[in-house]
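Trainee: So Swiss-Prot says this about it:
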BINDING   Leu73, Cys74, His75, Met110, Glu111  substrate binding site
ACT_SITE  Asp125  active site
Amino acid sequence: MLTHLDSQGRANMVDVTEKAVTEREATAEARVRMLPQTLQMIVDGEHPKGDVFAVARIAGIQAAKKTSDLIPLCHPLMLTSVKVELSAEGQDTVRIVARCKLAGQTGVEMEALTAASVAALTIYDMCKAVDKGMVIEQVRLLEKLGGKSGHYKVQA
C-alpha cells in the first residue's frame, strides 16, 4: 500500500501523530562523473570559483534542512545531524555520501537523498563552465535505521 495516497487515490501527507519517537538515521550517495582534468582541478584547489567540495558540502547540509520545502508530502523535520562527505574516486568521479539523523516520528531517507543530490548539483553548477559533459549518477539510499520498517542496507 502506498502511504501517501488516501482511500480515493489522492495525494495525502501521512499522519504520524500516533507514531512513537525513535532514533532514525539514513545514508545516501551520489556520484558525479567528469573529465579527469576537472577532477584534478577540484582536488588541487585550483577551481576559479573556490573550494568546490566545501561549497557542495554546505549546499547538501542546507538542502537536507529544506527537504520538506522541495518535496510536497515530506514532513518538516528537526534534524539532529547532517553530514556530507565528498571524495575523489578514481580519476574521474566524485562520490558524495550524506548521513542524516534525528529522534522523530518519521524517517530521514528523503533528507539524505536530497543532501546527496543537491551536493552533486552544486558540483555540476560550479564546474559546468569547464566540463558540460559531467554526469550525475547512482543517487541511491545506502542504509536506513529505525522506524517501523526496520533496518535496510543496500546489497553490495
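Using N, Cα and C of the backbone, Cβ positions are placed for all residues, glycine too.
Quick caveat, the model's predicted, so the values are computed rather than measured.
Show me how these features fit into the structure around them.
Mentor: For Met110 (substrate binding site), the Cβ neighbour count at a 10 Å cut-off comes to 22, with all displayed protein chains included. Met110 (substrate binding site) falls within a helical segment according to DSSP.
Mapped onto three states, the DSSP output places Asp125 (active site) in helix. The local packing around Asp125 (active site), expressed as other Cβ atoms within 10 Å of its Cβ over all shown chains, amounts to 15.
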Trainee: So which one is it: of the binding-site residues Leu73, Cys74, which has the fewest other Cβ atoms within 10 Å?
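Mentor: Ranked by other Cβ atoms within 10 Å, the binding-site residues Leu73, Cys74 bottom out at Leu73.
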Trainee: Including all protein chains shown, what's the count of other C-beta atoms within 10 A of the C-beta of His75 (substrate binding site)?
Mentor: 15
Trainee: Fill in the CA-CA distance, His75 (substrate binding site) to Asp125 (active site), as an integer in Å.
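Mentor: Cα-Cα distance, His75 (substrate binding site) to Asp125 (active site): 28 Å.
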Trainee: On the Cα atoms of Leu73, Cys74, His75, Met110, Glu111, which are listed as binding substrate, what is the maximum pairwise distance in Å?
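Mentor: Between the most distant Cα atoms of the substrate site, 12 Å.
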Trainee: Need the DSSP three-state call for Leu73 (substrate binding site) to compare against my parser.
Mentor: coil
